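K.L.:
Next up is a structure, given as structure tokens.
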RNA sequence: GGAGAAAUGGCAGAGUGGUCGAAUGCGGCAGUCUUGAAAACUGUUGAGGGUCACACCUCCGGGGGUUCGAAUCCCUCUUUCUCCGCCA
């Protein structure tokens, strides 16, 4: 959520930069300015009326105490009119404030100057490409066939138990998945992130805090009986650790990491590009989250990108980094880098990580602040990224590391798997 | 799931209708003293809105109500604790 004070001061600039997302924000920004102006007028009126009421009440109290009950009762008559005014202005103010908030909820974050123009993923800017694309032997298979051949992932069984998009991992497949989780967590904690185990459900306030609610509730599984949501990413419980928190400046930066399953409804998309592990309703992910001083957040973003890069290098997977264009940027992000690995049998790039700086967009909703050098509360910046998402990494390992003798295990994972080939 | 108790500032803890944004202690910060530190002493120390700055308004778990006036009374929700039951 953008800050009203920012919109007041820089409305022209904000409109210009939102145009990079291909939206014409002028009407809604003008509405925000109007509503804000009206809201503040009402607030001033309400404050003045309340001040009058308070003074009157005090006077009445004093009169009663000094035994002048008749004078006090005479004053009481005057209060009822003030009371009515307070009630009606208060109601109008609340309505206005809610309407203003609804508007603000609908405005996406302002893109950073580095965000390229564009409409779709085709306009994303490739900033780096690294790693060897392996030459596969004749008869190499896509991962869904490998999964069946070596009996390590059972999609049909998942269908039976839960439905499409809920695969069952078995034997060495399950072990490889667990190895990846442990390896990722170790890499993250070695880089200074503190490991957390977080709830896999969140309440409504948390969903609002990170921007999934309102409006995007369709993407989350909703447990209506208890009004809880299955998390679509550890970002939601992880970032909400800091909801309504005022940190000391010396607490920054904060880095946390956590493994969670992620649940996404993502209804209405079927076909070859979502086959196998490419897109699921439940998948595993290890997330990194940072809380940063505003002056350091872009440096931190670069650090996160370098960190994820390091992991992909160690796994010896061919990858590329994309700077997302305005049309592809998520609602809350100011700047996002996507990581894609090349899955050699499908011959496709698969997104395995998305690293973003949200600046104050989330912290404004969360009320996540720190006391700055002047002793004032200032919104912190939040960032997060996948480090890493499991299924597509697993898919690319299966495909890229396949040989006629079986699927080799990347060197760094061997201590975690305890075996060096799936055959 | 049943019965009872409670929720106040960073923490502990007073406060049952007005002078309470809230005693007191601890902690934090600044100062005095000291070569330095500790101790002691003095001062200061919640958040949000609003203002050039003041004024002023709001907040004692959340929401609603009674009253001229609510931390204090009433209703409701949530959470925590104790006892009982169940349980990985």
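For all residues, glycine too, the Cβ spot is worked out from N, Cα and C.
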K.L.:
Taking A:233, A:360, A:417 as the options, which does TrEMBL list with A:264, A:287, A:384 at the L-serine site?
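P.N.:
Site partner of A:264, A:287, A:384 for L-serine, according to TrEMBL: A:233.
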K.L.:
As a test of the contact definition, list every same-chain residue at least 6 positions from residue A:287 (L-serine binding site) whose Cβ is closer than 8 Å to its Cβ.
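P.N.:
Listed in sequence order, they are A:233, A:234, A:235, A:238, A:257, A:258, A:259, A:260, A:384, A:385, A:386, A:387.
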K.L.:
Please average pLDDT over the domain 'Aminoacyl-transfer RNA synthetases class-II family profile' (A:138-410) for the predicted structure.
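P.N.:
A mean pLDDT of 90 is what the model gives the domain 'Aminoacyl-transfer RNA synthetases class-II family profile' (A:138-410).
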K.L.:
Is it possible to get the count of other C-beta atoms within 10 angstroms of the C-beta of residue A:354 (ATP binding site)?
P.N.:
19
K.L.:
Write down the Cα-Cα distance for residue A:264 (L-serine binding site) and residue A:351 (ATP binding site), rounded and given in Å.
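P.N.:
Cα of residue A:351 (ATP binding site) to Cα of residue A:264 (L-serine binding site) measures 16 Å after rounding.
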K.L.:
Pop the Cα-Cα gap between residue A:264 (L-serine binding site) and residue A:353 (ATP binding site) into the table, whole Å please.
P.N.:
16
K.L.:
Could you round the CA separation between residue A:264 (L-serine binding site) and residue A:352 (ATP binding site) to a whole angstrom and send it over?
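P.N.:
Spelling it out, the Cα of residue A:264 (L-serine binding site) and the Cα of residue A:352 (ATP binding site) are 16 Å apart.
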